[in-house]
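Here is what TrEMBL records for this protein:
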type: COMPBIAS; residues: 87-100; note: compositional bias 'Basic and acidic residues'
type: REPEAT; residues: 207-240; note: repeat 'TPR'
type: REPEAT; residues: 241-274; note: repeat 'TPR'
type: REPEAT; residues: 361-394; note: repeat 'TPR'
type: REPEAT; residues: 395-428; note: repeat 'TPR'
type: REPEAT; residues: 429-462; note: repeat 'TPR'
type: REPEAT; residues: 470-503; note: repeat 'TPR'
type: REPEAT; residues: 538-571; note: repeat 'TPR'
type: COILED; residues: 699-726; note: coiled coil
type: COMPBIAS; residues: 875-891; note: compositional bias 'Basic and acidic residues'
type: COMPBIAS; residues: 892-901; note: compositional bias 'Basic residues'
Amino acid sequence: SGKYSEALELYERCLRKCPVGCPAEVRLGIGFCHLKLKKPLQAREAFKIVLGMKSGHPASVPALIGLSVLELNEYRQTHPIRRKNRSSLEKSEQSKREIERKQEQFKAYSRVFAFMEQAHSISPNDPIVLCFLSDRYFFQNDFRKSREIARKAYSLANSAELKGFSAFQVAKTYHAQDNFEKAHQYYLRAVKSSKEAENSPSQTTNVLALFGLSQMNLLQEKYEVALEMLNSVLKIHPHDFHTLKILGYLYLKQGDLLKARDLLEKAIDINDEDIETRVIYAEVVEQYDYQAAIDAYNSVIRLMKSKKEEIPLGIYNNCAVLFHETKQYKKAENLYKRLLEQRLKEHKAKHPDQPLNARTLTVMYNHARSMEEKGDFEEAFKTYKAVLKENPSYTECNLRLGIISKQSGRFEGALGYFEEVLNRDERNLNAMSLIGELHMSRGNVIEAKRMFQKAIQVDRNDCYNLLSLGNLYITTLNSANKDEYLEKAYKYYHKVLQLDPRNMYAANAIGVLLAENRSLNAAKSIFLQVREATSSMPEVWVNLGHILVEEGNYDNAVTMYQKAIDVLDNSSSATIRLCLARAYYMADKMKECKKVLQQILRLNPEHEEVWYDLALAQEESSIQILKKDPDQRSYGEVEQADRELNQAYKIFSRLQNTSRTIPAVKCHNHAKYCEIQLKKSESHLLHAKSVEALRERERREKATRVREIQRRKQEEEERVEHSKAESIRKNAELAKNSQLKLLSMKEQWQLDAEMESAPKARKPRTVEDPSINPYARPKIEADMFAEYVEEASDDDEDFAPMPDRVDDHVIAARDDAEDANYVDDSTKPEVPELVRQNPAENPQPDATETSLQNGTMDIDDDNEMQVTKKRRRLQRNDGTEISSETHEIQSPRKRKKKHRRVIEDEDDEEEMADAYIIAEKPPSVPEDDTTATTSATEPAETEQKTLTVLSETRDPEIALISEEVPNKEIAENDVEMTDQSTTQSLESPSSVPELPPLPVPNITHPSEDESQTVESSLSDVQRRIQATIRDDILINADVIQQLSRKIVRRLLTSKYGFTSGEVRSNRPFIKQCINDEVEKFR
């Protein structure tokens, strides 16, 4: 009942009650209970105790059997059947493990057989021991002795289970010796005994006997019985490799490709190095996927090469056939050549005097078929002839020779090849079908019908000839016999569908019958269903195209015809191409129609109907062009129409005299019509030529205008780009200047902070006596403009308190830069110079001087600059010092009269105003950053200059004192100052002639009338600014007033010392100032 735990408990209770002298059967029962409960260690100990209790005891035999079973189980657990994965282990590692497994297997069976020999010596008639001994001799390939021992065990067996086991031992010895009939008998006995032992009449767990019996049924082609048995084995052992392999093969035989594929893929996963399994798998997939089959055969070839096994030529032949089926004709041909060379080489080496064997001839036939498909009919014809020479009974070659002859137009030769096959085999259905089709193509309907009926008499269920006979009735029906022939055709098609419900050709033929009966919708429905079922049947595409043409849907009809042509080869698509040309003609697409007809003529130049259709299309196309509006056609079109009319005329004229299928009257009428139209086409050509010339002239003029427009557009784009680039450059320059300005202001602020924190020391200032200078003129008193200046300083933020003083060379550099904009360069009189005291004593100027000299300091109008109150002593040109005691000028501090210095605002660096001493020059003399020198040869001819002295006071404001001396005309023979003389004077100050003492200036004040003209000068400057800026929207009235004040201050405070009257009269200088200030503002 299988209650091993309860039995074990009872055995152990007996052992506890009688630990000494307990029977051996108790410990034997304990061992078998542990064996069933999968406790091998306890079972082994129990069996060993039984063997040690008493030698030769009958209980020792079961103990030895139990130990043998434990040995076999241990081996199977240690070395189970594993899936061979080539990616996980290298081949060398796999081989090493396989050797180890076989060694362990040998050791295990050696121990088992040792136990069995010992048991056989104790009990020679024990059936179990005899079965084990039979196995020993079976593995030693001693099948006769193994069978004798197994038969003895079968006769001694006292249970159905033992009988079944011993019968299996006998069956496999017969199976090993290929005695399948005896093997089948004992396999069947073993299965029946096992079923009796298990009380199960339908199935058994003796899978070994069941598997052997299925093999016997497979050999007897009892596939259904074998499938049932193997499926029973697979339920018990779902991963058994051999069962999966045989089941896959059986399902292939049954046509169940999907099941076969799945089972074989599982088998390959378990053992991917079994070649036979891979070959069966390739045979399965080649039924529906040629490329997958090619890959499968390639894997077989690689595996056999890795095992260094000889590759059967049949595998290469199958690969070549698959290349042929996938239209890889070049690969197929190359493979056939290699196979053929190898076959011929083997035949020459082994059997040079015998004809070629069937396999070699098959390779030759396949090679010829490949060349035929490629279009090399001549070579294929020769190869078929060579095969027939080796084996005249190779009927397939005769049939192919007849088909090639038919395609080449040699109908008599084709009929001869077909009849030769029929003479050799009167019941050859292929020959009858081909003879019938040959008669049909030649219009011999009676002979075709007789041949098809003869084939049906041979085999009434031959679907091909039934379809051919039905097609004959459809092809030959007319208005007189339409109903009768439609009924007969339907009878044959219906019979085909009864024999083969999935026959697409019969279904397509039923659709043709409905279309002939004008049931277009029903016919179309059937054609669509057939198309969904298969896409490799060109007839259904053609029939759908016919239906669409009847419906007037020409574009879709063209698509259907083109798909059919894509499926067929060039030799079989001529009729369909004619249908395509007809669809184009009906759709009024003459160009496409002519192209298709020309393709047909390239394949068959002797087709008279196609020539006629081509001429008709050319005639229609030309007439359409000539009927066009002259303004709507080109000269080239008219010329082409004339050329095609001429070609159509020639074709019709030739067909009129040579055609056997087209009526001569039709050709004559078309030729005459073309001749008439050709005469009219001359006037069309002349008119089209003149129109074309006019159009060409208009095109050239239009092209010229377009080029001019493009040129102007390009120039405008370039101008815009240039303006943008210039604007960007100016903005960048302004940004850079602003940055420099900010840096300069920062430096100046730091300098001002240092100066404010430094102690202020004053030194007496001495100047050269102006009374001794014959060129000096009285200075103008600045107080006359004090009222205007103070008013401007209050209103304008640009007015800042003046610093104490500025060094002489700084003042000179500032004034020279101012005069450079308007001084007349034609006259450069010599000017006296104030030379500093020993320039070498102070070679390094202060920061402010350096900035002003280099032009790097940029002082804003809104900021106020403080300059170091540093005095410099003056000296004459001869180097003698000028002291302040030699002058009668009194310091402004002593005069107790305060005046404000007006700041010039021409440039940013001119914003810094300070107390200074400046040497005045005529307006026509420009000066460099250094003090100009004069020639010592003509001192008397120079004009008197104005010396302006600004001295420091305790008050933040600075008093302005000016002397004015009347201007004198400059002599025409004044010596011009050159860069060379300037450079020399700088390098050697001692060469400068000594100047006479300057006269003491007389300080005067402006009169009331002169003060009143300031406002008029300001108004005049404002008007001039308005005239200058014109429409500049950025400058408003407030800005104009601000600029005007700056310009007036600049004029009044310049080194020329203009009066208010002179301000209005000096227009060139005013214009220059206005332009400078406006440009600065912008």
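Cβ coordinates come from backbone N, Cα and C, glycine included.
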Secondary structure content of the repeat 'TPR' (361-394), with strand meaning DSSP E or B: 28 helix, 0 strand, 6 coil
Helix, strand and coil residues within the repeat 'TPR' (241-274) as assigned by DSSP: 28 helix, 1 strand, 5 coil
DSSP-assigned states of the repeat 'TPR' (395-428) in counts, ordered helix, strand, coil: 27 helix, 0 strand, 7 coil
Sequence-remote partners of the repeat 'TPR' (429-462) [C-beta within less than 8 Å, at least six residues beyond its ends]: 395, 399, 402-403, 406, 411, 414-415, 418-419, 421-422, 468-469, 472, 475-476, 499
Across the repeat 'TPR' (361-394), average pLDDT on the 0 to 100 scale: 87
Secondary structure tally of the repeat 'TPR' (429-462) (DSSP, helix then strand then coil): 27 helix, 0 strand, 7 coil
